[in-house]
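Asker: Take a look at the following structure, please.
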Amino acid sequence: MACIDNAMRALFLLALFCVVHGEKAKSKDNDAKASGPGGSFDITKLGASGNGKTDSTKAVQEAWASACGGTGKQTILIPKGDFLVGPLNFTGPCKGDVTIQVNGNLLATTDLSQYKDHGNWIEILRVDNLVITGKGKLDGQGPAVWSKNSCVKKYDCKILPNSLVMDFVNNGEVSGITLLNSKFFHMNMYKCKDMLIKDVNVTAPGDSPNTDGIHMGDSSGVTITNTVIGVGDDCISIGPGTSKVNITGVTCGPGHGISIGSLGRYKDEKDVTDINVKDCTLKKTANGVRIKAYEDAASVLTASKIHYENIKMEDSGYPIIIDMKYCPNKLCTANGASKVTVKDVTFKNITGTSSTPEAVNLLCTAKIPCTGVTMDDVNIKYSGTNNKTMAVCKNAKGSAKGCLKELACF
């Protein structure tokens, strides 16, 4: 019996040894499998290479699958290095809260055949409580493909991949990172709610096509703060159906300014309301703070309760502009009147210099005038010497006080 007991004990110890070491090996070989609440997934331990040449798409996708499938707080680590990846799809809902820690750089493939029609580079869908943070970069490598952009020439065009797209994301945060040289828009939010964008840098050449910095549509509760944006299109663009937006401490330039719109291009667009832009600086931008609606608008909608305050212009073109006959590159299909209503807009303490004589442009339509426009302490001077500072105001109704006399439209 003793022999049997000793043999059983030996077998038990051997089995235990195998189980323990087997689990260690399994854990070492596959760090992507979460074993309980909380977890961290380093993409280099899943096969990613930081040499900037090896395709690391599979490793990043595996890290997402494991982090999204784990409970508690999960972290995907992008360590220092340059990681080449193709299109990434991060789909929820997730069982826990996921943080993507970007310490290194993700480089987008320049092979457009890898992107499906109207595809994006990094697309995040139906994920709540997402955090993307770090000091690394999301590099769209746009210079390699910008020449293939046809949207600057024709109305109906094939869109190049956006860099970071978040759809149906609630209570999300993007902080600290740099978005660089997107092929199209750098960041695009659609039907998102309660989003915080802070301490972000967005960078592309001033002549890069359609490289909007941050765009949002059909979203609410978006805050953008302490962010520097220099791009080839709008620094920030607020699309239809958006409300409760707060933009503070943003430096914009180069770029086309901070815009609401374009509005009315597509059918069934929804209203824009409760937009606040405060304590921002615009440097050598093509436009300043702008509201724009297509002159051949397909939708009837209203933009209202819009407040601009403490905005400094540094040699920006058209610092204040409401354009209800917007028609980029003269590609509109008809010379019609916009169906968009603009009302209850305040410009308060807007100062600095303009690169164009027209420091204020309120270009509304006779059929639907702009109403409730308040200009309070607007003091912008033309920086040139060949003309004088002026305002161009058509079909706009409101009040002005404390403004440079040349800019008081009312």
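Glycine residues also receive a Cβ, built from the backbone N, Cα and C atoms like all the rest.
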Asker: If you have Swiss-Prot open, could you say which of Cys370, Cys393 makes the disulfide with Cys409?
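Answerer: Between Cys409 and the options Cys370, Cys393, Swiss-Prot records the bond with Cys393.
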Asker: At a threshold of under 8 Å on Cβ distances, which of 192-218, 272-293, 337-377 pairs most often with the repeat 'PbH1 3' (242-262)?
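Answerer: Most contacts with the repeat 'PbH1 3' (242-262): 272-293.
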Asker: Where Cys370 (disulfide bond) and His256 (active site) are concerned, what is their Cα separation in Å, rounded?
Answerer: 22
Asker: Roughly how many Å lie between the Cα atoms of Cys235 (disulfide bond) and Asn387 (N-linked glycosylation site), rounded to a whole value?
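Answerer: Cα to Cα, Cys235 (disulfide bond) and Asn387 (N-linked glycosylation site) are separated by 28 Å.
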Asker: Translate the DSSP assignment of Asp233 (active site, proton donor) into the three-state scheme.
Answerer: coil
Asker: According to DSSP, collapsed to three classes, what secondary structure does Cys409 (disulfide bond) have?
Answerer: coil
Asker: If you measure from the CA of Asp233 (active site, proton donor) out to 10 Å, which recorded positions from the list Asn201, Asn246, His256, Asn349 are inside that radius?
Answerer: His256
